[in-house]
């Protein structure tokens, strides 16, 4: 049994926490909405984020970070990208007092705007300076709604330290979620983050009335952009993007109604504004934040990312969706395979 602190008790945090409790671990969920914490502890439900579902009764919740971290051997970050750095700073303060050195695992999929840092880079900076080996990222085709029902899936767990990846693989795996180790930490993170931008584009196509051929073409060219960014900016391995955290996560996020990024894109394709969509979603749309960082990165390194750049313009420069699609299809001819 491993003592685990799950930081973030939204839909994915709650499901992962419950899954880890299913696996026989001692799990404490940390969140800042007291009513959610009380509901989890009293009724083992989280109706604010997950309707008609119960957590494992052994999973506890608290709004006290020190309580959540007390004795934790593994700390799982399942937070919005914008919250990771401030929470990581607070985690460092607690760990400095106790002297504990738990393994840090991130299930957050994003790139921090401004700094353009991956989540593992933020955790390394704020918690374990110069010790990236203690960070593991998990990413793959895994919607909370499906994992909650114990539907089958597979997820990559990546670290620069193979033994730490194997530890996470052993702790997290069960009979409905299979984990595979990977040594390309940044590649796994880039795939998980940037696919959210492509999912917004996929939703926009559906909102505009386009069919399966258009969606398949978009996903394929979107994967090319993700790979290009991962390899040329972050030094990722190209083959990583053919795996669970690349094409696997991209497929499910671009095709499932459970994908909040896809749903947001569909509404934008139907004519809704980004402000309207974000106010009415009730959940974080990570792709809308990540696209800012991706746009900055593509311009900084002159990386060809026409889909991501178009999504940035639609969301933040209010360009016309139909015109962006027209311009995309009228671009100069290019070879299909290039980095």
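Cβ atoms here come from the backbone N, Cα and C positions, even for glycine.
Features as listed in Swiss-Prot:
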BINDING   11, 12, 109, 144, 260, 284, 286  NADPH binding site
BINDING   109, 140, 142, 195, 249, 259, 260, 261  sn-glycerol 3-phosphate binding site
ACT_SITE  195  active site, proton acceptor
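Here the features listed in Swiss-Prot are placed on the structure.
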| residue | record | contacts (Cβ under 8 Å, 6+ apart) |
| --- | --- | --- |
| 11 | NADPH binding site | 46, 49, 50, 144, 145, 283 |
| 12 | NADPH binding site | 78, 107, 144 |
| 109 | NADPH binding site | 81, 119, 139, 189, 192, 193, 195, 196, 286 |
| 140 | sn-glycerol 3-phosphate binding site | 153, 154, 155, 156, 192, 244, 245, 248, 249 |
| 142 | sn-glycerol 3-phosphate binding site | 153, 155, 177, 249, 252 |
| 259 | sn-glycerol 3-phosphate binding site | 143, 199, 203, 252, 253 |
| 284 | NADPH binding site | 10, 80, 260 |
Sequence gap of 6 or more, Cβ distance under 8 Å: name the residues on the same chain that satisfy this around residue 261 (sn-glycerol 3-phosphate binding site), in order along the sequence.
196, 197, 199, 200, 203, 253, 285, 286, 287, 288
For each of 249, 286, count the other CB atoms within 10 A of its CB; which of these binding-site residues has the top count?
249
Using the structure shown, find which entry in 195, 260 (the binding-site residues) has the sparsest Cβ neighbourhood within 10 Å.
260
Largest separation between Cα atoms (Å) of residues that the record links to NADPH, namely 11, 12, 109, 144, 260, 284, 286:
15
Cβ neighbour count (within 10 Å, all chains shown) around residue 144 (NADPH binding site):
20
Max CA to CA distance in Å over the sn-glycerol 3-phosphate-binding set 109, 140, 142, 195, 249, 259, 260, 261?
16
Residues other than 11, 12, 109, 144, 260, 284, 286 within 8 Å, Cβ to Cβ centroid, of the NADPH site?
10, 283
